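Enquirer: Positions annotated as active site, proton acceptor by Swiss-Prot, on the basis of sequence analysis: His116. Look at Swiss-Prot and you will find Trp255 tagged as active site, tryptophan radical intermediate. Feature annotation from Swiss-Prot assigns heme b binding site to His239. Marked as site 'Transition state stabilizer' by Swiss-Prot on the basis of sequence analysis: Arg112. According to Swiss-Prot, the feature transit peptide maps to 1-36.
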Amino acid sequence: MASATRQFARAATRATRNGFAIAPRQVIRQQGRRYYSSEPAQKSSSAWIWLTGAAVAGGAGYYFYGNSASSATAKVFNPSKEDYQKVYNEIAARLEEKDDYDDGSYGPVLVRLAWHASGTYDKETGTGGSNGATMRFAPESDHGANAGLAAARDFLQPVKEKFPWITYSDLWILAGVCAIQEMLGPAIPYRPGRSDRDVSGCTPDGRLPDASKRQDHLRGIFGRMGFNDQEIVALSGAHALGRCHTDRSGYSGPWTFSPTVLTNDYFRLLVEEKWQWKKWNGPAQYEDKSTKSLMMLPSDIALIEDKKFKPWVEKYAKDNDAFFKDFSNVVLRLFELGVPFAQGTENQRWTFKPTHQE
């Protein structure tokens with residue numbers, strides 16, 4: 001049922017993406033929350049031992065050895081675009097099959113995993129970023145900003161086991177790319193080449209945005225990663241997806257009426273709706289005056305209060321194509337932060353075909 005409802009919502013969004021009007025929608029059902037353990041250790045195989053090898057022009061080489069007496073020669077497997085497309089398709093198939101999560105989709109939490117894995121980058125020290133997948137370990141997995149992301153890591157563990165040659169780092173980012181595209185967002189070019197690190201690579205707490213803060217905080221956090229005002233606003237458009245949970249961030253509710261479809265509705269709602277403080281026992285957040293079913297965070301409202309942020313909000317509210325173009329460009333940059341890609345691969349990114357275009 002959730003899958004059928006999600007498909008209907010996506011079809012309706014395709015037809016009305018340029019004809020948005022703020023009005024009460026069908027009530028979004030809030031699924032029962034599930035609790036997840038961190039992903040299990042990767043199973044070893046009696047037949048193969050996989051080792052990450054040297055980086056090559058299109059990604060990484062993976063060496064494996066047979067354990068039979070007649071197989072003494074190491075072989076190298078260099079995954080191609082087609083191999084990564086198979087991983088993409090597997091993630092997309094699981095997104096369609098596993099519809100027992102928020103609003104019928106794990107898509108938003110996969111985007112959040114990729115975002116939080118990348119958003120720890122510090123341009124001054126060169127630490128953090130999407131290389132390493134260090135959120136597999138405490139203390140990074142226990143950072144408050146990462147609460148609830150075990151759900152995304154557990155969702156991807158069977159994919160990792162089916163394709164053991166892909167690193168967790170590359171898998172998490174590919175999952176973010178897949179989720180954005182499968183939720184009708186823009187194409188996000190992808191470049192493999194990330195390696196996994198151990199617990200020593202965990203980043204310090206406090207590098208991700210704090211939803212309770214406003215414009216100065218946003219500029220400090222995003223500026224550390226190298227983003228300007230326009231890029232901060234474009235990246236914030238990811239809040240069109242998903243919802244907040246009281247047992248994670250403390251906040252509650254979705255930002256938009258279609259939290260499993262990426263559109264510019266987040267910006268339209270910011271500009272066109274009236275927002276008021278929510279009267280409840282939780283942390284300070286806003287609710288829409290019309291239906292009281294949507295929410296905005298203090299960091300969201302900061303985008304329309306700041307005179308330099310607001311023009312970009314207004315631009316994206318009027319032009320979904322402009323938002324998609326800028327969002328794709330800045331997400332590509334975000335997902336590559338901190339990755340020591342092999343020289344000569346700058347223009348060797350791949351774009352994968354979404355399943356809804358097949």
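All residue numbers here begin at 1 and follow the chain in the order shown.
Glycine too: its Cβ is placed from the backbone N, Cα and C atoms.
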Enquirer: In which DSSP state, out of helix, strand and coil, do we find the residue listed as 'active site, proton acceptor'?
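Expert: The residue in question, the residue listed as 'active site, proton acceptor', is helix (DSSP, three-state).
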Enquirer: Measuring Cα to Cα, how many Å separate His116 (active site, proton acceptor) from His239 (heme b binding site)?
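Expert: The Cα atom of His116 (active site, proton acceptor) is 13 Å away from the Cα atom of His239 (heme b binding site).
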Enquirer: So for Arg112 (site 'Transition state stabilizer'), how many other CB atoms are inside 10 Å of its CB?
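Expert: The Cβ of Arg112 (site 'Transition state stabilizer') has 22 Cβ neighbours within 10 Å.
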Enquirer: Within 10 Å of each Cβ, count the other Cβ atoms, then let me know which of the recorded positions His116, His239 comes out lowest.
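Expert: Minimum Cβ neighbour count within 10 Å, taken over the recorded positions His116, His239, occurs at His116.
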Enquirer: Whole-number answer please: how many Å between the C-alpha atoms of the residue listed as 'heme b binding site' and Trp255 (active site, tryptophan radical intermediate)?
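Expert: Cα-Cα, rounded: 6 Å.
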Enquirer: Using a Cβ-Cβ cut-off under 8 angstroms and a sequence gap of six or more, which residues of the chain neighbour the residue listed as 'active site, tryptophan radical intermediate'?
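Expert: Set apart from the residue listed as 'active site, tryptophan radical intermediate' by at least 6 residues yet with Cβ under 8 Å, we have His239, Ala240, Gly242, Arg243, Tyr266, Leu269, Leu294, Met295, Met296, Asp300.
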Enquirer: Helix, strand or coil at Trp255 (active site, tryptophan radical intermediate), per DSSP?
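Expert: In three-state terms, Trp255 (active site, tryptophan radical intermediate) counts as coil.
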